[in-house]
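J.: Quick one: this structure, given as structure tokens, is what I'll be asking you about.
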Ligand SMILES: Nc1ncnc2c1ncn2[C@@H]1O[C@H](COP(=O)(O)OP(=O)(O)OP(=O)(O)O)[C@@H](O)[C@H]1O
Ligand SMILES: [Mg+2]
């Protein structure tokens, strides 16, 4: 979906917001602490059921309130809503007014990706963020594998419990055998997905980081030593597993490494270049999501001015005009948005009056800027 109307109540400092978004380009400009990241956080929350900056859901409700609501509607009137009551702990998930039990039902309809000024540090900092990134793409692109992934996680939990409680050998062997089979199955689907992602990447690198586009190689690490069967790797590391108390190998331990001339990419690129690289990868993933045609991706970019110089923003604007998805961008100053606003490849395609929506954010209030025209 792309969001036509966004409504939030009591979300951080956004006490009451109801705004109409442009199907393609949206800008939110405001001072530090005005509520820009909170707005992106609200949209992200709807797509993921959690925040990108806190694991404590109670931090999302406005001070001294007990509940918050985020809801969106697309041009076809598909309506998604998520509300949380802190006192009762109840999360209400609604699709077109009907209650649903699972967040994944909501997430099926809205594919939200985000790049913040911190993203690239987290992304290159450890495997957790890279895994999250790939899992999101797979959820939307290879949705059929979601059931397999759930089953894998169920078996992983059982196997970990066997390790922790030192259960009998027959029970342990039963779960280990199931775990190995599912790991192989998951790793195979993931390998397919990552192969497609790697194939899509050079196009976006060519636009955003042409100087390294043909120098990047990507390694997919399946989660256990490449040259070993998982079952052998696990049996060789039995004592270590006992000491740790969980499965140290398996499909949950996968990773993706990015290299330039066999060296870790992050040790060679500047901060701005790392951010551009992550943007290229995010665009590649958005393209794969868009291609399966189930759900149109939404891309959130927080504080677009951070780390990027005018040339980089120019390249980013070109890349965005090629990407067919809804983009929501925040900035502290309107000046940094010039390359995006003046982009001819955007303006030529659409009426010059209707190329983006711009909003000013002030003390949690969001006001459309007059010259950014509403879609009729
Ligand atoms: N639960 C909450 N209730 C009310 N206000 C909150 C809550 N949590 C945070 N805030 C406040 O909301 C304001 C908006 O924060 P936000 O991070 O969205 O600002 P921002 O516009 O992204 O600023 P910056 O440009 O510095 O990134 C801040 O002043 C913050 O202190
Ligand atoms: Mg912010």
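Placed from the backbone N, Cα and C atoms, the Cβ positions cover glycine too.
Model, not experiment: these values are computed from the prediction.
Summarising the annotation, TrEMBL assigns domain 'RecF/RecN/SMC N-terminal' to 3-350. Annotated ATP binding site per TrEMBL: 30, 31, 32, 33, 34, 35, 36, 37, in sequence order.
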J.: Which whole number is the mean pLDDT over the domain 'RecF/RecN/SMC N-terminal' (3-350)?
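T.: The predicted confidence over the domain 'RecF/RecN/SMC N-terminal' (3-350), as a mean pLDDT, is 95.
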J.: Can you name every residue in this chain, apart from 30, 31, 32, 33, 34, 35, 36, 37, with its Cβ inside 8 Å of the center of the Cβ atoms of the recorded ATP site?
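T.: Leaving out the recorded residues gives 38, 330, 332, 361.
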J.: Near ligand 2, which of the binding-site residues 32, 33, 34, 36, 37 are found, taking a Cβ distance under 6 A to any of its atoms?
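T.: Only 36, 37 meet the Cβ criterion.
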J.: Going through the binding-site residues 31, 33, 34, 35 in sequence order, which have a CB under 6 Å from an atom of ligand 1?
T.: 33, 34, 35
J.: What is the number of other Cβ atoms found within 10 Å of the Cβ of residue 37 (ATP binding site)?
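T.: Its Cβ has 22 other Cβ atoms within 10 Å.
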J.: Should residue 30 (ATP binding site) be counted as helix, strand, or coil on the basis of DSSP?
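T.: The three-state answer is strand.
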J.: If you count Cβ atoms within 10 Å of the Cβ of residue 36 (ATP binding site), leaving out that atom itself, what do you get?
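T.: The Cβ of residue 36 (ATP binding site) has 23 Cβ neighbours within 10 Å.
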J.: Go through 30, 33, 35, the listed binding-site residues, and name the one with the sparsest Cβ surroundings, counting other Cβ atoms within 10 Å.
T.: 33
J.: What are the sequence-distant neighbours of residue 34 (ATP binding site), meaning same chain, six or more residues apart, C-beta distance under 8 angstroms?
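T.: When sequence neighbours closer than 6 are ignored, residue 34 (ATP binding site) has 361, 362, 363, 364 within Cβ distance under 8 Å.
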J.: For each of the binding-site residues (31, 32), count the other CB atoms lying within 10 A of its CB, then report the residue with the highest count.
T.: 31
J.: Tell me whether residue 37 (ATP binding site) sits in a helix, a strand or coil according to DSSP.
T.: helix
